[in-house]
Amino acid sequence: MKILVLASSSQRRIELLRKLGADFIVIPPRITERIYDDPAKTVLENAFSKANYALVYAPENSIIIGMDTVIFSHELGVIGKPTTIEEATHILKLLRGKWHSVYTGVYIIEKNNLKYKSFIEETRVKMRNFSDEELTLYISSLEPLMKAGGYAIQGLGALLIETIVGDYYNVVGIPITKLYITLKKYFGVDLLREAVRKRVVGKTRTI
């Protein structure tokens, strides 16, 4: 039986995969994330590094998934994760009332034969022209810290968003649909079938 390995320390990604009913183990990658001028290159190289770090420690029959997400705007270029309130405030002020892109790179590798697939998903997001008071309140929650682009769309950051074009879950950090299709087509892992099977078995046991 194939074992899914998530090469991530992101609680958002871990929680989202668990909500789908997927069985997987987590190997937090100890890498230095790199940022280049090109957002596509940034996320793919970081996803590659995460997956290959976990590959060393993953059990046999593993399929390892590495992912990386960044924000890109024409004013700021590639935006990573702010580590200070000042940095988060600066980023959100420049994103306010404007469109930006969320890029997620995914790198999947099978340990037994080193077969791999990679892809990039882009989602377009427009922020509201929120007030300075709203910005201050949001910053005070500390939610923006260590979040790509300085906001968490699955949290209070949703209140800052006006429009999304593309995969919502890509903004959270996992392009769910494309990941599901890729795992099923190239690696023989059917997340939907497995999730349904677990639910049916669970209901049978409670009867």
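Including glycine, each Cβ sits where the backbone N, Cα and C put it.
Here's what Swiss-Prot has on this protein:
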- ASP68: active site, proton acceptor (ACT_SITE)
- ARG12: site 'Important for substrate specificity' (SITE)
- THR69: site 'Important for substrate specificity' (SITE)
- GLN154: site 'Important for substrate specificity' (SITE)
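Annotated features taken from Swiss-Prot, shown on the structure.
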residue	record	Cβ neighbours (10 Å)
ARG12	site 'Important for substrate specificity'	19
ASP68	active site, proton acceptor	29
THR69	site 'Important for substrate specificity'	30
GLN154	site 'Important for substrate specificity'	15
Work through the recorded positions one by one (ASP68, THR69, GLN154) and name whichever has its CA nearest to the CA of ARG12 (site 'Important for substrate specificity').
GLN154
Would you mind reading off the Cα separation of ASP68 (active site, proton acceptor) from GLN154 (site 'Important for substrate specificity'), to the nearest angstrom?
17
Could you state the whole-number distance in Å separating the C-alpha atoms of THR69 (site 'Important for substrate specificity') and GLN154 (site 'Important for substrate specificity')?
15
